[in-house]
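Colleague: The structure under discussion is supplied below as structure tokens; questions concerning it will follow.
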Ligand code: PMP
């Protein structure tokens, strides 16, 4: 094998990636191949809900690896059954399918809704989604997403995803017709810039979909698994959706996702849905450890408290620098900068010496914060101090 001087050279197909190779992680911290430490407020895009290399995850991985890694996708296994039971115990759903990514779970949700439409709604198949939504990078989930430009980039799209405006019930109502089978949304738009659907809108949407006999699908790939300060973000509005998808946080960093539904919607038949690695015991054992940790007494209270702490600190900074405030829930928050300096801040934060800070600008005019759910107030203070240093240098 040929060795190259720069280990990232063979990965050059992604052109805008910085030349950093991470080698270790612990909690809110990452270390690169040069030994530089980074305070991580991205956490694998809200994935590592327990931070890097959490002991409960390591324990689950090691124990399960010694026991059984992959029986066969045609049979059940113990960790997958345990995790499914845990998820139904802590949610309003009855049935669980596992997947390997958020996009795959959303594909499953779309298929389930279409199958339900065939069975119960005269073949209705359209799913109303929202401007600026993000549901994944497969062809159907890109078509469902409301990301500007995605309607043409891989045209023709998968048909059947008319777009409404978030928090505008009239824009949804206008799109409902004979072909409509469901409405699908992120309770908090993550990639779109941390935009929560208001509890009133969620309740109106539930009432509207019930009135028209439509399914309500929540994509909680980013907002779920404790991120919003509740186990699932739909709880914030007190509604009961028909279908929910999970990804990211459910595996705490390993490739695991899930599709949950109410019993009366679970219309998949043998062969309709599945995949070689769906419900893999190594991943579901970790998922079980993650959900157990998130649902341990007091954990989510802590997320809400730290979310409130971060919110207060962001508001202080916003007032001090003339920014436009903040928004979000729990530990998914955005600082509204009011000008397009987000990408510049992200770059400077990363390149800071001797320690770096990992932030994200979901849109150029804001910074998105998605730290580990067990981040400490001291780490939040440290992040704020680093952010102030960067703002001073602009
Ligand atoms: N839905 C939402 C709300 C997401 O934020 C994402 C990822 N950013 C996805 C779906 C896609 O998940 P994955 O990258 O695991 O396919």
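Residue positions begin at 1 at the first shown residue.
Placed from the backbone N, Cα and C atoms, the Cβ positions cover glycine too.
What TrEMBL says about a protein is an automatic prediction, not a curated fact.
Residues annotated as pyridoxal 5'-phosphate binding site in TrEMBL: 102, 103, 134, 219, 220, 221, 222, 276. The N(2)-acetyl-L-ornithine binding site annotation in TrEMBL covers 137. Sequence annotations record features per position, and here TrEMBL assigns N6-(pyridoxal phosphate)lysine to 248.
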Colleague: Can you tell me the CA-to-CA distance separating residue 276 (pyridoxal 5'-phosphate binding site) and the residue listed as 'N(2)-acetyl-L-ornithine binding site', as a whole number of Å?
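Modeller: Here the two Cα atoms are 20 Å apart.
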Colleague: Write down the Cα-Cα distance for residue 221 (pyridoxal 5'-phosphate binding site) and the residue listed as 'N6-(pyridoxal phosphate)lysine', rounded and given in Å.
Modeller: 6
Colleague: Listed binding-site residues are 220, 222, 276; which sit with C-beta under 6 angstroms of ligand 1?
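Modeller: Checking each Cβ against ligand 1, the ones under 6 Å are 222.
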Colleague: Could you say whether, by DSSP, residue 219 (pyridoxal 5'-phosphate binding site) belongs to a helix, a strand or a coil region?
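Modeller: SS state of residue 219 (pyridoxal 5'-phosphate binding site) = strand.
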Colleague: Rounded to a whole angstrom, what is the largest C-alpha distance between any two of the residues 102, 103, 134, 219, 220, 221, 222, 276 that the record assigns to pyridoxal 5'-phosphate?
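Modeller: Looking at 102, 103, 134, 219, 220, 221, 222, 276 as a set, their Cα atoms extend up to 25 Å apart.
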Colleague: Within a 10 Å radius around the Cβ, which one of these binding-site residues has the most neighbouring Cβ atoms: 222, 276?
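Modeller: Selected residue: 222.
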Colleague: Starting from the residue listed as 'N(2)-acetyl-L-ornithine binding site', work out which of the binding-site residues listed here (103, 219, 220, 221, 222) have their Cα within 10 Å, and give them in sequence order.
Modeller: 103
Colleague: Sort out the sequence-distant neighbours of residue 102 (pyridoxal 5'-phosphate binding site) for me: same chain, 6+ apart, CB within less than 8 Å of its CB, listed by position.
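Modeller: Residues satisfying the criterion: 135, 136, 219, 221, 222, 245, 246, 247, 248, 257.
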Colleague: How many neighbouring Cβ atoms, not counting its own, are there within 10 Å of the Cβ of residue 219 (pyridoxal 5'-phosphate binding site)?
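Modeller: There are 31 of them.
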Colleague: If you count Cβ atoms within 10 Å of each one, which of the binding-site residues 103, 221 comes out on top?
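Modeller: Output for this query is 221.
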Colleague: Identify, in sequence order, the residues in the chain of residue 220 (pyridoxal 5'-phosphate binding site) that are 6 or more apart from it along the sequence and have a CB within less than 8 Å of its CB; answer 'none' if there are none.
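Modeller: In sequence order, 186, 187, 232, 233, 234, 244, 245, 246 meet the Cβ cut-off.
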Colleague: Going by DSSP, give the three-state secondary structure for residue 102 (pyridoxal 5'-phosphate binding site).
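Modeller: Reduced to three states, the DSSP call for residue 102 (pyridoxal 5'-phosphate binding site) is helix.
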